[in-house]
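Colleague: Pasting a structure below so you can have a look.
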Amino acid sequence: MARWLPRSTDLTRFCQKLNRVKTLEDNMMETSFNRCLSTVDLTLLGIGGMVGSGLYVLTGTVAKEMAGPAVIVSFIIAGFASLLAALCYAEFGARVPKTGSAYMFTYVSVGEIWAFLIGWNVLLEYMIGGAAVARAWSGYLDSIFNHKIKNFTETHVGTWHVPFLAHYPDFLAAAILLVATAFISFGAKVSSWLNHVFSAISMGVILFILIMGFILAQPKNWSAQEGGFAPYGLSGIMAGTATCFYAFVGFDVIAASSEEARNPQTAVPRAIAFSLGLATGAYILVSVVLTLMVPWHTLDPESALADAFYRRGYAWAGFLVAAGSICAMNTVLLSNLFSLPRIVYAMAEDGLFFRVFSRVHPRTQVPVIGIVVFGLLMALLALVFDLEALVQFLSIGTLLAYTFVAASIIVLRFQQQKADVPAPAAAGRPSPEPHEGPSAGELKEYESFSDKLQLVDRDKSKEHREPGQLKATFEPYLEFLSDFYPGEVVTVAVVTLMVSAVCLCSVLVFGSTHLHLPTWSYSLLLVLFSLGFLLSLLLIWAHEQQHGTQTFQIPLVPLSPALSILLNIYLMLKLSYMTWLRFAIWLLLGLLVYFGYGVWHSKENLREPREQRLSARYVVFPSGSLEERVQPVQPSAQPASLPDTDTATA
């Protein structure tokens, strides 16, 4: 029986296989895609992904049912919370200008299986999101024509009364997705041009709404007679914030497009900042004019803006609002169809998903097979499925991706940079020979079977410390941490921080409701888990991090990513248990795909047998010079004999 059990070494090797990270190319600007997108193109893609139907529907819903005129504050808080996640995406998009967004960022810093699960969830998120927007687009257009399309379909095609299926097949939603798929297939430039057209119309309509809205504004609608500015209090504002947060989830299309940007190191951070700022401003200003035009408690959540103009005697303005809403939904459709095939391409290119999706058309320079296949799947979802029950699924996938990207930022920032490891000479500059000693006041790192080789007789106060090593200031107090590998303590602290955040948010969300904890235990658990979170944060901060990189870096690391992690986990735990159940089923399907295909076809798996082919010996001389002898490891059954140690003069 025992011989059938796996050995501990095999289990260790398999676990290492699951957590291996992606090896990046020396020149990350090389790509089979067409680098044709400018900062303006990326900014408009981001705006198109964020300013969709939510501007015309979400503002009225939150104002009427949750926050009143204080929906403005809800959008401000939600915009700031989204900024924390957006800055993490901006740093990664500039440092790793490859398509794949959250999947790629997790793969290069955390590990393979986590990256696959993030990519797997993002796939479903984009498919459901695109199909849901297509159905909303269809319903909005149908309402303009007094639901004639719906009535015709129900009369001549029939209706369904099956769980998880729509009441009737929505041919119009499927058709718009197929048309959008065809345009996306023509290449990034065509997609960008089409997005420019719809974004320009949408922004023109928003400008009209703001001008007319401020002209028709009545400050008395914020007075105490109408319920005041914050009729639902702070709890209403925070409930509105949780809903408004999802209005900003479209900025990751910019990170997904970084492999097609001309200058991603500067274009990606700028585009994310510009698009998020403009989108936040649009949501705040539209909320201001909407609640000033008519009393907030009389708003129609289904069509708040059009109804507000109609009640003020400008019924013709409703047609402009409808046109703006349809154009805004078109940009969201393009954003989903643009991002989804590129994430599939990144997974397939790494060998974690079926390799057929990694083919790029030589003329259009886009993954046509992925665009067509997933465009058809999205159209099928919109045609036959009831998406209202699945829309909440979008939230958990997005928040999980934000959480892992924030954690990846911390891990990557405290890792040694690739430039720190001896590499081939670049730009015609000869690399120093291995026997040359390091210059004064500088340590040169050499890789071998032991990464802990240190040169003695150095003044530790002047020693150059690499990222991931304990700061010299804290070494007298935390000396026992100096024996770990650089970045090892930080990785453990990040895991502890995330566990503490989950426990803390669980107590906040379920402590007084589902768990019915007494006050003393509720307070005690809050204090304990808060201390665990803060101590993990301080332990990370006590280590050196990367400085002086040429690309954008998010400020206040590790505080900013840690706050993003805490907020995302809190919002995830606020979702319904049915959402978590569907999420668990989808994760199980993803694990079947990964263990059945991805783990064996991964490029990193094919690269492994060729990795450790050199062994190194180091000799430290009294003068402090370092000599290295490298010889290939021969795959022989006989034990290799140690070479004679060379003699040299100091």
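The backbone N, Cα and C atoms fix where each Cβ goes, glycine too.
Got these off TrEMBL a minute ago, pasting:
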- 36-58: transmembrane segment (TRANSMEM)
- 70-90: transmembrane segment (TRANSMEM)
- 171-190: transmembrane segment (TRANSMEM)
- 197-217: transmembrane segment (TRANSMEM)
- 229-251: transmembrane segment (TRANSMEM)
- 272-294: transmembrane segment (TRANSMEM)
- 314-345: transmembrane segment (TRANSMEM)
- 366-385: transmembrane segment (TRANSMEM)
- 391-412: transmembrane segment (TRANSMEM)
- 423-442: region 'Disordered' (REGION)
- 432-442: compositional bias 'Basic and acidic residues' (COMPBIAS)
- 522-542: transmembrane segment (TRANSMEM)
- 552-602: domain 'Cationic amino acid transporter C-terminal' (DOMAIN)
- 554-573: transmembrane segment (TRANSMEM)
- 579-600: transmembrane segment (TRANSMEM)
- 627-650: region 'Disordered' (REGION)
- 633-650: compositional bias 'Polar residues' (COMPBIAS)
Colleague: Please work out whether the transmembrane segment (554-573) lies in contact with the transmembrane segment (579-600), by counting C-beta pairs under 8 angstroms that are 6 or more apart in sequence and asking whether there are at least 3.
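Modeller: Contact criterion not met.
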Colleague: Please work out the mean pLDDT for the residues of the domain 'Cationic amino acid transporter C-terminal' (552-602).
Modeller: 91
Colleague: Short question: which residues 6 or more past the ends of the transmembrane segment (579-600) have a Cβ under 8 Å from it?
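Modeller: Same-chain contacts beyond the ends: 17-18, 112-113, 116-117, 120-121, 124, 347, 351-354, 390, 392-393, 395-397.
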Colleague: Write out how many residues of the domain 'Cationic amino acid transporter C-terminal' (552-602) are helix, how many strand and how many coil, based on DSSP.
Modeller: 40 helix, 0 strand, 11 coil
Colleague: At least three Cβ pairs under 8 Å linking the transmembrane segment (229-251) and the transmembrane segment (366-385), pairs spaced 6 or more in sequence?
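Modeller: Since fewer than 3 Cβ pairs under 8 Å link them, the transmembrane segment (229-251) and the transmembrane segment (366-385) do not come into contact.
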Colleague: Using a Cβ-Cβ cut-off of under 8 Å, list the residues of the same chain that are 6+ residues beyond the ends of the transmembrane segment (197-217) and lie near it.
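Modeller: Beyond its ends, the transmembrane segment (197-217) has Cβ neighbours at 44, 47-48, 51, 55, 282, 285-286, 288-290, 292-293, 305, 309, 312, 314, 317, 320-321, 323-324, 327-328, 330-331, 334.
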Colleague: Take a look at 36-58, 314-345, 391-412, 522-542 and tell me which one has the most Cβ pairs under 8 Å to the transmembrane segment (70-90).
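Modeller: Top-ranked stretch among 36-58, 314-345, 391-412, 522-542: 391-412.
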Colleague: Excluding the flanking five residues on each side, which residues at least 6 beyond the ends of the transmembrane segment (171-190) place their CB within less than 8 Å of a CB in that stretch?
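Modeller: For the transmembrane segment (171-190), the far contacts come to 33-34, 36-37, 130-131, 134-135, 137-138, 141-142, 149, 153, 257, 260, 330, 333-334, 337-338, 341, 364-366, 368, 371-372, 375-376, 378-380, 382-383.
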